[in-house]
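Annotation source TrEMBL lists domain 'ArnT-like N-terminal' at 151-243. For 155-176, 196-217, 259-280, 328-348, 360-384, 390-409, 418-436, the entry in TrEMBL reads transmembrane segment.
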Amino acid sequence: MGVRSALTLLPLAAIVALFCLYAYAMQPHMNGYVSDEIWYVSAARNFINEVGLGRDLAGFGVTVSPYPGCAPANASPAVYYGDYGMAWFNKSVPAVYEFASTSPGCTIRFGYYYPDESGILTYINLEHPWFAKYFMVAAMLWLGDRPPYWRVPSIVLSAASLVLTYLAALMLTKNARYASLASALLLMDATFRDEGILAMLDAYVGFFTVLSVYLYLRNKPLSSAVAGGLGIASKYPGAFPVLAMTYAELYGRGARRAAIYLGLALLLYALPQIPIIYLVGGIHNYVTDTIFYLKWFTESRPPGPVASNPFDWLIGTDSFVSDYSPPLYASGLPGAYLVAIALSILMLEPHLRARLFREMNWRELAVPASLLASWLGYWAVYAAGNHTLYSYYTIQFAALVPLTLVLAMQRANERSRAWMIIAAAAGIGYGVGVQWRQLYSIIQYLA
């Protein structure tokens, strides 16, 4: 690599370093569960205990239930949830374990303390596929059962998403400036920045989405299908971009290749579920549970966190708050979202594309198609009856927004290029303006 080539990578290195420094700086202020970590991390810990690896977490404490009754009288719990009869001990762990293991009817879970939720000691999180939670399992076993360690896989994959966004933009535009801009815009996305440092499933599906698109741009459809399938295996909305790229295969290579793409993606969704199928008692129970929860996803939840519809995400209203201390707001990069969706439609409609853009090949159109399919997929869920959607879902397609913007600006013809650049700049400016107060509050918090 020449000096000039190395210099072009400096902006990317700075962007990744900034994200990693931000993630590192935030961790000391998030010593407990944040948002839906209560479900995903607890399920991962329960899996570790169910498969006989719980003793590897003994150094991080032990939870027993019911309490009192399942611990020696002279042992004092560090955390006790009276409503659920659940107690966590970070001292005298061997004595507590020996007492509980010889007492009938006791549930024992090694590891960090659990959130105060009913039934949490047996919760497996069957609402969502399991692949992403295996990363949390691995982090707990290799690094430890503490909040910063749960989040390491999310942080690593989010940093990798910044790199993939750069590489995909470079492939689309052959311009390092556009590539640096795309990666910088992803870092400016509040949802990506704040959800990407948490142990949340959406960071995983976001990574596999951009990985799948990148591999597709490199003309590696089978590898793309594998990545897309792992996205579905992390969370069901990963299916939205897979459907878009299946259509691209149908358009560009024919029905047979489209069927292979979709079939391989579905196979890669299914394979990581095998341990959970065994854990829940077989394929019949797993299928029954899956069908139940797929129906559950079409229903609204009880009143709780701020909900929104997919259009709200484009303009930055009703954003989900993951935490107030530190302030973590899933407000995305509104405005830029809106412009990117509009440009996706212009690029995908053949007559408008011919009038506004220079030639694009069908693989490149997988970028706006995947963005639009992801956004419309959430509209389909909303239309089916689930009106409690949350803005942090946008991390799934956050990387596709800057890729769509730079593709549109670079491929615009002479008559439309200025308008494309103005539209993109206006959207980005709006997004930065919406989250400026949030950024300022984070800076104040960390100072």
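For all residues, glycine too, the Cβ spot is worked out from N, Cα and C.
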Secondary structure content of the domain 'ArnT-like N-terminal' (151-243), with strand meaning DSSP E or B: 80 helix, 0 strand, 13 coil
When counting Cβ pairs under 8 Å to the transmembrane segment (390-409), the leader among 155-176, 196-217, 259-280, 360-384, 418-436: 196-217
Considering the transmembrane segment (328-348), which listed stretch of 155-176, 196-217, 259-280, 360-384, 418-436 counts the most C-beta pairs under 8 Å: 418-436
Long-range Cβ neighbours of the transmembrane segment (196-217) (under 8 Å; 6 or more residues past either end): 19, 22-23, 26-27, 30, 34-37, 40-41, 128, 131-133, 135-136, 147, 150-151, 153-155, 157-158, 160-161, 164-165, 167-168, 171-172, 223-225, 227-228, 230-231, 234-235, 237-238, 241-242, 245, 248, 322, 328, 363-364, 366-367, 370, 374, 392-393, 395-400, 403
Average model confidence [pLDDT] within the domain 'ArnT-like N-terminal' (151-243): 96
Leading contact stretch, 155-176, 259-280, 418-436 vs the transmembrane segment (360-384) - CB distance under 8 Å: 155-176
